[in-house]
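For reference, the structure discussed in these notes is given below.
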Amino acid sequence: MAPVMVFVGGFIAEPMTSHKDWITLPLTMLIVGTATATVPAAMLARRLGRKTATLLGFSMSIIGGLIVLLAITYQAFWLFVTAAFLMGLAGAFAQQLRFAAIENLQTDRDIPKAVALLMLTGLFSAMIGPELAVVTRDLWPQKPPYFATFVGLITMALIAMLIISRLQLPPVIVCKDQRPERPMATLLKQPVLWVAVISGALGYGLMSFMMTATPLSMHQIHLHSLEDTKWVIQSHVAAMYLPSFLTLWLGPKIPTKYFLLSGTLLYILVLIIAMTGIAVGHYWLSLVLLGVGWNFLFYTGTTLLPLSYRPHERHKIQALNDFLVFGFQAGSSLIAGWVIYRYQWHGIVMIGIPFVVILAVMTLIRFYNTKNKIRE
């Protein structure tokens, strides 16, 4: 449901509130929900098993979808915000599945390939989500716009629950490592941990900031058509995952730092192109490059993170990582609505500059650091 919320959340929220600064609040609460539930989701997966935890996540998503239907029917803004938060909680359980896949690998050498394969699965939602929103916007004439969209999403979630209930997911591995668990202060001293967290947090933060603002900027402010807006967002989300074919092939062959460098350079290009104009082509190219850059930065973070902890330390590091990444993403999406209506697209681009500067400094330090040779 997340790609659909990103695409149409602002459109649904706008007529519900007179405060234009709050239009992106539902999307922000979607991300806040994910950040809030990262630790509980990890603990429940450990106690109840992957399948039960995943089904619980889908249940929250369905309840959230039903509340969206009520919010759309009665034009209730805070009901819509509540629904978005519930969908965010569900998203935290979905995020745990990537760690489950990594934990069941035989060696660390398999991590890059596994991460790339996991990211490729996002292509389905990238193509189906926005397309479903456009096709079903007015499919139910007696109901407000996008009512039928969420009916379709709820139906798809029910089908997914049925499929997962019949799958045999691997159990959570019981750690046999007898070494004492290191204190958090010791873990936080590892450069590899901070590279993983910062690349994920800043990569997600700028991506969320610009992607949240794009539909509002294109369709509401600069009056580009909904079809053009859909095409840009759809292309962006596809660009987030299509490069995984490349990382699947190159990941085991080249050092991770080159993906970090590539992602940073692409983010610099994004800002340069976004500064040059507000035509559909400018939006499209900048958002596509933003998606590819995010892919490389997310790949860097997800690949390096397991190198910073021992198996019995994984839950607290994974929870810390997801809390910081999705917390940063939530803050970025929250201010996007305020910025876009006060300073428009130029303001979005200017605020993106500090993101890129920090990424560039970290990349240079990482690229020329010869002390830490862990999968450089």
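For all residues, glycine too, the Cβ spot is worked out from N, Cα and C.
Listed in TrEMBL for this protein:
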| type | residues | note |
| --- | --- | --- |
| DOMAIN | 192-376 | domain 'Major facilitator superfamily (MFS) profile' |
| TRANSMEM | 23-45 | transmembrane segment |
| TRANSMEM | 52-71 | transmembrane segment |
| TRANSMEM | 77-94 | transmembrane segment |
| TRANSMEM | 115-134 | transmembrane segment |
| TRANSMEM | 146-164 | transmembrane segment |
| TRANSMEM | 192-211 | transmembrane segment |
| TRANSMEM | 231-251 | transmembrane segment |
| TRANSMEM | 258-278 | transmembrane segment |
| TRANSMEM | 284-307 | transmembrane segment |
| TRANSMEM | 319-341 | transmembrane segment |
| TRANSMEM | 347-368 | transmembrane segment |
Under 8 Å between C-beta atoms and at least six residues away from its ends: which parts of the chain pack against the transmembrane segment (284-307)?
98, 102, 108, 111-112, 115-116, 119, 192-193, 195-197, 199-200, 202-204, 206-207, 210-211, 214, 231-233, 235-244, 247, 251, 256, 259-260, 262-267, 269-271, 273-274, 314, 317-318, 321, 325, 359, 374-375
Can at least 3 Cβ pairs under 8 A be found between the transmembrane segment (77-94) and the transmembrane segment (52-71), with each pair 6 or more apart in sequence?
yes
Report, as numbers and ranges, which residues of the same chain sit near the transmembrane segment (23-45): CB under 8 Å and 6 or more residues beyond its ends.
2, 5-6, 9-10, 12-14, 17, 52-53, 56-57, 80-93, 95-96, 99-100, 172, 208, 212-213, 216, 315, 318-319, 322-323, 325-327, 329-331, 333-334, 336-338, 341
Leading contact stretch, 192-211, 258-278, 347-368 vs the transmembrane segment (319-341) - CB distance under 8 Å:
192-211
Long-range environment of the transmembrane segment (347-368) - Cβ separation under 8 angstroms, sequence gap at least 6:
191, 195, 198-199, 202-203, 205-206, 209-210, 213, 217, 257, 260-261, 263-264, 267-268, 270-271, 274-275, 297, 335-336, 339-340
Under 8 angstroms, Cβ to Cβ: which one of 52-71, 146-164, 192-211 has the largest number of such pairs with the transmembrane segment (258-278)?
192-211
Given a Cβ distance threshold of under 8 angstroms, which distant residues of the chain, six or more beyond its ends, lie next to the transmembrane segment (146-164)?
1, 4, 8, 11-12, 51, 54-55, 58-59, 61-62, 65-66, 68-69, 72-73, 132-133, 136-140
